[in-house]
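Everything on this sheet refers to the single structure shown next.
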Amino acid sequence: MAARKRASTDSSAQTKPKETTTRPKPKEPPLTDPPIAPPKSGVILKLTLFFSIPYFYLIFYHCKIEHELRKSILINAALSLAGFFVTVKMIPVASRYVLRRNLFGYDINKKGTPQGTVEVPESLGIVVGIVFLVLGILFQYFNFTADSNWLVEYNAALASICFMVLLGFVDDVLDVPWRVKLLLPSIAALPLLMAYAGHTTIIIPKPLIPYVGLEVLDLGWMYKLYMGLLAVFCTNSINIHAGLNGLEVGQTVVIASAILIHNIMQIGASADSEYKMAHAFSLYLVQPLLATSLALFSYNWYPSSAFVGDTYTYFAGMTMAVAGILGHFSETLLIFFVPQVLNFLLSLPQLAGIVPCPRHRLSRFDPGTGLLTGTNDGTLVNFFLRRFGRMTEKSICICLLVFQAIACCFCFVLRFFLAGWYK
């Protein structure tokens with residue numbers, strides 16, 4: 001979380017429009033000297049090795065995937081890998097531009113220390129969003145034909161994500177109020193909702209069939225309303241579960257990894273071609289999201305040298321919502337989002353105005369010890385600090401990401417035990 005500093009407005013220039021004043025240009029860093037610290041390659045290497053083992057095991061050994069589909073998945077993975085390196089290279093370049101326009105912030109959780117006075121570039125999620133969209137467009141050349149049934153929905157998904165990146169960047173620049181922020185995902189989801197031509201039915205859980213009298217229920221327009229609400233929740237839940245270096249990107253990396261594994265397992269377990277394509281569609285969106293997010297994570301992990309801004313949180317939430325909606329596993333997606341659901345429930349009294357809500361609902365930092373103390377604000381970060389005691393920012397972030405991973409693993413275990421009984 002950053003307290004953004006903006007350039008001040010010259011009132012004399014407004015009262016005398018004909019006068020021109022020459023302002024000294026901000027001193028730009030030398031081209032050979034990046035304005036931010038280098039990426040934390042060691043952390044990314046460890047994470048990549050950790051995620052690659054189950055990924056390649058499922059792709060090449062455990063799951064039976066047709067040759068053409070596996071080829072498409074690997075092409076998408078190769079493009080995503082290229083996107084990772086492009087993002088790593090582009091973030092320092094973009095940092096120069098955002099610093100030049102006074103889009104920077106100070107790390108509030110380091111206030112009172114030398115690191116708390118460093119100008120950290122803001123809104124660098126725009127780099128991830130642009131690279132992701134370029135990868136998504138390029139992938140169409142390798143996978144979709146002009147008469148592909150999935151091409152319309154794929155482009156609609158990219159349009160919604162692009163819309164969300166734009167609105168997120170507008171939020172970073174204009175700092176719109178919360179009541180407006182809640183509406184932004186609804187606007188961004190319109191291209192997807194209008195182009196959606198899939199089914200609008202839900203499968204009734206087997207224990208409830210005797211009471212409902214139906215095995216399949218067609219919700220009609222209510223299903224699209226549900227899709228829109230899911231997009232709003234996923235987008236804003238990532239945005240409010242924040243306040244620590246690496247937390248926003250870290251939770252996205254964990255959830256995206258779980259979605260990726262879930263898609264591969266469902267592709268390998270099903271014989272229905274349409275069902276496989278739905279999960280492949282979701283996978284084509286999640287792989288570049290994961291790769292570009294890891295690149296941003298290398299700069300955003302503690303101590304952060306780049307702030308992601310609302311641009312990234314909106315982009316990541318919308319991408320995962322689109323992947324879950326068009327992959328037809330929205331229930332599983334919500335279980336992946338259990339920590340975000342808990343954070344939302346804890347935040348609800350303040351968000352609803354029942355309890356006073358400060359601008360930054362952060363924990364309290366002690367510069368003498370370097371530890372964070374939980375406050376009474378309703379966030380999962382503060383709840384963990386009150387429950388488990390004072391911690392460093394890095395330690396509490398690791399605890400929250402481990403909790404996120406446990407929630408995702410719980411979802412897989414739950415699906416395993418309920419398979420055949422629940423649906």
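Think of each number as a place in line: the chain as shown, counted from 1.
Quick reminder: no glycine exception, Cβ is built from N, Cα and C everywhere.
What TrEMBL says about this protein:
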REGION    1-36  region 'Disordered'
COMPBIAS  16-30  compositional bias 'Basic and acidic residues'
TRANSMEM  43-61  transmembrane segment
TRANSMEM  73-94  transmembrane segment
TRANSMEM  124-144  transmembrane segment
TRANSMEM  151-170  transmembrane segment
TRANSMEM  182-204  transmembrane segment
TRANSMEM  225-244  transmembrane segment
TRANSMEM  250-269  transmembrane segment
TRANSMEM  281-302  transmembrane segment
TRANSMEM  314-338  transmembrane segment
TRANSMEM  396-418  transmembrane segment
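Where the transmembrane segment (250-269) meets the stretches 43-61, 73-94, 124-144, 182-204, 314-338, the count of C-beta pairs under 8 angstroms peaks at 314-338. The list of residues near the transmembrane segment (314-338) in space but at least 6 beyond its ends in sequence, with Cβ under 8 angstroms from a Cβ of it, reads 125, 128-129, 132, 153, 157, 160-161, 164-165, 167-168, 171, 184-185, 188-189, 192, 196, 198, 226-227, 230-231, 233-239, 248-249, 252, 255-256, 258-259, 262-263, 266, 275, 278-279, 281-283, 285-286, 289, 293, 407-408, 410-411, 414-415. Against the transmembrane segment (43-61), stretch 281-302 shows more Cβ pairs under 8 Å than any other of 73-94, 124-144, 182-204, 281-302. For the transmembrane segment (281-302), the partner stretch with the most Cβ pairs below 8 Å, chosen from 73-94, 124-144, 151-170, 182-204, is 73-94. Tertiary neighbourhood of the transmembrane segment (151-170): same-chain residues 123, 125-126, 129-130, 132-133, 136-137, 140, 144-145, 176, 184-185, 187-192, 194-198, 231, 235, 281, 284-285, 309-315, 317-319, 322, 326, selected by CB-CB distance under 8 Å and a gap of 6+ residues from either end.
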